[in-house]
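Shown below is the structure under consideration.
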Amino acid sequence: MTSSLPDNWQSWLVNTLAARDRDGLRRAPASIDSMQATRVQRDGQWLANFCSNDYLGLAAEPALQDALIDAVRRVGVGAGSASLVCGHHREHAALSEELADWLGVEAVLLFGNGYLANLGVLTGLAGRGDAIVQDRLNHASLIDGAMASGAKHLRYAHADASAAEQRFASLPESISKRVLVSDGVFSMDGDIAPVADLVVVAKRQQALFILDEAHAFGVIGSEGRGSVSHATLANDAVPLRIGTLGKAFGVYGAFAAGPRVLIDALQQLARPAIYTTALPPALAAVTRVALKHVRNDQWRRDQLQANIAQFRTGALAQGWRLMSSETAIQPILIGDTASANALSAELLARGFWVSSIRPPTVPVGSARLRVTLSSAHSSEAIAGLLNALAELTPRFLSNQN
Ligand SMILES: *Cc1c(COP(=O)(O)O)cnc(C)c1O
């Protein structure tokens, strides 16, 4: 096939992809044929799925399937326009109120997804002349949001509140609008941010503290209220919290939660919430049902914790290097990209889907298998994964250290 691309673009694109191939970093999505659940069919092969963020097993929950079908019959498929034009449905309003009630905050603003929420919040609240200080290991969307904002952007050593404070101390006094941002649970490590210490730093520095609870909401805290509740802090200890609805909620979308004045301002300032079509109202409706499960189904969190314990105990006994995580994200640290890819491939051949996470998503030399657990995993499935890992210890554990 001949290309209509200009020659210089053709060669740049080909070279860019070739470099990814050479480094084992080329990515492409695998298509699944089944529901998103703890067993999925991929290219005709059934696999035990240990890489989704469906921590509470809600993505395939029959009650949610029924709720979505009912909602589509009532409210149709698409929102039709942006929320500030004519796309805001009563279901969106009800979901926002119920999320605010759950978190004990005054108001919530919905976003298309978590990436947009982080982009919108940081570009809406900070700009040239302001400063954003954030954890080195924060999610890519927070890094991108900070860069897009044009604010001075400083990163501090992972989970180190005193390093955060030093960053603030290095800023000129003239910078009065300061933002502190952290993941609540870190997406590639699974550890929990030192939220109580960061609250103190933010207060001392007069900084607005924003917490991204993508992997915390639903998973930790009372009624799944995330890392603030987990740290036994008051609901308003962190002024702005971001949640995604595509992980523990099992659906799609995201929201920012906080005091009314802040949410009202975001409605005016967060361009990725303004110049975009509203979430399908049926998704808002089904998310209201998902929220009931998140709040009330403590048994799902209990089962998830039991599954985490089963995996950690087994993997540590075999000598694998796990990270200090008490959440659903349980990475096996490997180091070099080629070994992580090879381990992922060996597990796949044995019927277990665990994705290998490599640079640039994680720092060079810290490639890992990102095992994620769900309340929906059976103990047999976890035992199966541990058996497969046991077969692979001779080859992969001698490589370490
Ligand atoms: C997944 C994730 C996001 C993005 O959320 P989406 O709804 O998937 O776009 C943002 N922050 C963190 C920490 C995440 O893990």
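Numbers here mean position along the shown chain, with the first residue as 1.
Placement of Cβ uses the backbone N, Cα and C atoms for every residue, glycine included.
According to TrEMBL:
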| type | residues | note |
| --- | --- | --- |
| BINDING | R27, H139, T361 | substrate binding site |
| DOMAIN | 49-389 | domain 'Aminotransferase class I/classII large' |
| BINDING | G114, Y115, S187, H215, T244 | pyridoxal 5'-phosphate binding site |
| MOD_RES | K247 | N6-(pyridoxal phosphate)lysine |
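In terms of burial and nearby residues, how do these features look in this structure?
Counting only same-chain residues at least 6 apart in sequence, those with a Cβ under 8 Å from the Cβ of T361 (substrate binding site) are A140, M188.
Within the model, the domain 'Aminotransferase class I/classII large' (49-389) shows a mean pLDDT value of 97, rounded to a whole number.
Neighbour density for G114 (pyridoxal 5'-phosphate binding site): within 10 A of its CB lie 24 other CB atoms from the protein chains shown.
Annotation for K247 (N6-(pyridoxal phosphate)lysine): spatial neighbours N53, D54, Y55, A214, H215, F217, G218, criterion Cβ-Cβ under 8 Å with sequence separation of six or more.
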Please report the Cα separation of R27 (substrate binding site) and Y115 (pyridoxal 5'-phosphate binding site) in Å, rounded to an integer.
19
Under a criterion of Cβ-Cβ distance under 8 Å and sequence separation of at least 6, what residues of the same chain contact Y115 (pyridoxal 5'-phosphate binding site)?
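The answer is S141, D144.
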About how far apart, in whole Å, are the alpha carbons (Cα) of S187 (pyridoxal 5'-phosphate binding site) and H139 (substrate binding site)?
7
Where G114 (pyridoxal 5'-phosphate binding site) and H139 (substrate binding site) are concerned, what is their Cα separation in Å, rounded?
10
Could you list, ordered by sequence, which of these binding-site residues: R27, G114, Y115, H139, S187, T244, have a Cβ under 6 Å from ligand 1?
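The ones that qualify, in sequence order, are G114, Y115, H139, S187, T244.
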To test your reading of the pyridoxal 5'-phosphate site: which residues beyond G114, Y115, S187, H215, T244, same chain only, put their Cβ within 8 Å of the Cβ centroid of those residues?
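Close Cβ neighbours, site residues excluded: N53, N118, H139, S141, D212, A214, G246, K247, A254.
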Have a look around R27 (substrate binding site) and count the other CB atoms within 10 A of its CB, chains all included.
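The answer is 7 other Cβ atoms.
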